[in-house]
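Student: Before anything else, here's the structure in question.
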Ligand code: PGA
């Protein structure tokens, strides 16, 4: 069956010393306190990945992820980081298509399809983000919009390739706003996404796909969100920046 995953997206936060302290604390708390089956992914700013890797040595349930990668393997793309580079650091996951990347860096569904291809070709597991704006929800086009994000960026993949995809549903109106989707809203969207995946790849692939919720998830609401049948964990922003809060979110996963 599908994995439960809680990923921390640190975004552009923390100095190096703070990052080292946070990783050490999280790794120790997870080791000492978390007994359930859950994979934890920490996605710090990319330039800390090499320094942080030794802190995860010997940890079976905590892995490193990046927050983005370029679609090309190498070349004259000043300031960018490629999937082969991440692979060479031992990174396992990469967040792709976060709404902040779509909004501030104009990432399109077509470009994200190329990024997904590059990540998969290099053995990285994409955490593919999708989600609607408040206006789209209010005008009731949210289901179609999110369906199209998957279709346009992922449905060119073979079933074998798709088996390596993790989905994160993140309503834009809930990210960093303190407005969380209700557990019913999350469940409705996640169930629809699973059905959409089943229509393309069959029920077995859909049942094995982890679909995470993101958007102001925290230690207070995580357990209820994660208890929904189609919510397989979370992509956590603000609450991943403090070790105690993040550990409590991870503990919200019940097996
Ligand atoms: P948030 O961010 O938890 O701070 O809302 C989630 C995300 O953007 O991944």
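Quick reminder: no glycine exception, Cβ is built from N, Cα and C everywhere.
Note that the structure is predicted; figures quoted are calculated from it, not measured.
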Student: Of the residues 36, 58, 176, only one is listed by TrEMBL in the substrate site with 9, 10, 11, 216, 237, 238. Which is it?
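Tutor: The one candidate that TrEMBL places in that substrate site: 176.
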Student: What is the separation, in Å, between the Cα atoms of residue 176 (substrate binding site) and residue 170 (active site, proton acceptor)?
Tutor: 11
Student: List, in residue order, those binding-site residues out of 9, 11, 176, 238 with a Cβ under 6 Å from any atom belonging to ligand 1.
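Tutor: 9, 176, 238, by Cβ distance under 6 Å.
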Student: In whole Å, how far is residue 11 (substrate binding site) from residue 98 (active site, electrophile) when you measure between their Cα atoms?
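Tutor: That separation, Cα to Cα, works out to 10 Å.
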